[in-house]
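Encoded as structure tokens, the structure appears first; notes follow it.
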Amino acid sequence: MESSCKSWLLCSILVLVAFSLVSASEDEERLVRDLFRGYNKLIRPVQNMTQKVGVRFGLAFVQLINVNEKNQVMKSNVWLRLVWYDYQLQWDEADYGGIGVLRLPPDKVWKPDIVLFNNADGNYEVRYKSNVLIYPTGEVLWVPPAIYQSSCTIDVTYFPFDQQTCIMKFGSWTFNGDQVSLALYNNKNFVDLSDYWKSGTWDIIEVPAYLNVYEGDSNHPTETDITFYIIIRRKTLFYTVNLILPTVLISFLCVLVFYLPAEAGEKVTLGISILLSLVVFLLLVSKILPPTSLVLPLIAKYLLFTFIMNTVSILVTVIIINWNFRGPRTHRMPMYIRSIFLHYLPAFLFMKRPRKTRLRWMMEMPGMSMPAHPHPSYGSPAELPKHISAIGGKQSKMEVMELSDLHHPNCKINRKVNSGGELGLGDGCRRESESSDSILLSPEASKATEAVEFIAEHLRNEDLYIQTREDWKYVAMVIDRLQLYIFFIVTTAGTVGILMDAPHIFEYVDQDRIIEIYRGK
């Protein structure tokens, strides 16, 4: 008995639910039939043709999909919000089972032809036509989602630390302001960010909205439109890591060209390699940015600055290498170069010149003395005058040579005969001899002295050649060091001056706070 009661109660509930659903469906069907009896969706919903249809329009920004800098197009996902009144779509809820809203396809009713004026892909209408919501008061709400590609003028002045202002301009395509009057949705003069998804490339800074009314005259009707400004700032981490830092490091590699020794053949090779890498970065930037001639991007300024500095460094390096390999046979060093680069600049640059390369016999021989046995046949120096007097008439076979001529350029011999008739040796090495006494030398000895003089002259010339070469090398070293300091200072100043010129480079954007502000308004 109890189970049969429960079954009867359940069946009763199901019947009541089914009846209510059928009743509600019948009420909605009857309402739609009554509302659209004689309704013409092609005519503006006004009772008098002089009246305006007031349309409240708003925009909800859902996602910033992409900003194509080269084509100057912003792709965004938005929700449109349109509200207007249609006096033909009013009813009394009590007459139709308390129905408070109707959801119908948009093709059933009249709707304003609001389009995006600055559309960039040719599709001016929304693709997905969602249902319209009709309320008993005649208010019609339409919230279609749309993906727009709008034209956006890109200002590349401070790229990649740039801030862009993209606009989305909406208005009626065929109706003027005297027929369809636009107003801001719920008087919100901003874009709604309640459902916004944060972008990984851009931060939203501000999203104001403005209603523009262009007053007409007798010849031109009034026009209205609503313009939404999407002010965005680029997140710079990607470009800083992939573009800015490599460019800065490459620019300072130009300085290291002057740290290589001039004898190294890799100085010019390094400079040309850096030049080629800069060309690659210039081509990369040209593919990213629009081909505009109005302004020069910040990164292009820096690349151009680095390119010029590297070109100048290659030219200076060629000059340094040329000076490094100069010698006395091809060039003579002017006095002003010797004074500036060998005396003043090294002291100014805190450079200490290496010791000059001198021949060992010029460095270590303070004086020169006759050997104990100048010639094996002459015996001791005391016996030399006796030997000379003994040979007497054979002087024609001997050549006379002053002892003052038997000297080395840095070790001059001073010989004289003492009162005892012996040939004495002076203590010092001087060019001028204190005595003009002479001795007789055999032809073999004369040839030997000539050979010694030839060797001494050759050594003197070789030493002069080496010293001149070393002077030119040191001049090249001084220029290298000077250019190292100059290029480091100029490169540092140029890097700071160009990159720090961006106005928002150090500003932090709290995206969550901005979204919360425009969500709570």
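From the backbone N, Cα and C atoms, a Cβ is placed for every residue, glycine too.
According to Swiss-Prot:
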- 1-24: signal peptide (SIGNAL)
- 25-235: topological domain 'Extracellular' (TOPO_DOM)
- Asn48: N-linked glycosylation site (CARBOHYD)
- Cys152-Cys166: disulfide bond (DISULFID)
- 236-260: transmembrane segment (TRANSMEM)
- 268-286: transmembrane segment (TRANSMEM)
- 302-323: transmembrane segment (TRANSMEM)
- 324-481: topological domain 'Cytoplasmic' (TOPO_DOM)
- 482-500: transmembrane segment (TRANSMEM)
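Non-local neighbourhood of Cys166 (disulfide bond): Val67, Met74, Ser150, Cys152, Tyr229, Ile230, Ile232, each in the same chain, at least six residues away, with C-beta under 8 Å from its C-beta. The DSSP secondary structure for the residue listed as 'N-linked glycosylation site' is coil.
Within its own chain, the transmembrane segment (236-260) is flanked in space by residues 160-161, 201, 266-267, 270-271, 274, 277-278, 281, 284-285, 299, 302-303, 305-306, 309-310, 313-314, 316-317, 320, 480-481, 483-484, 487-488, 491, 494-495, 499, 505, which lie at least six positions past its ends and keep a Cβ under 8 Å from the stretch.
Across all of the topological domain 'Extracellular' (25-235), the predicted model scores a mean pLDDT of 92. Neighbour density for Cys152 (disulfide bond): within 10 A of its CB lie 24 other CB atoms from the protein chains shown.
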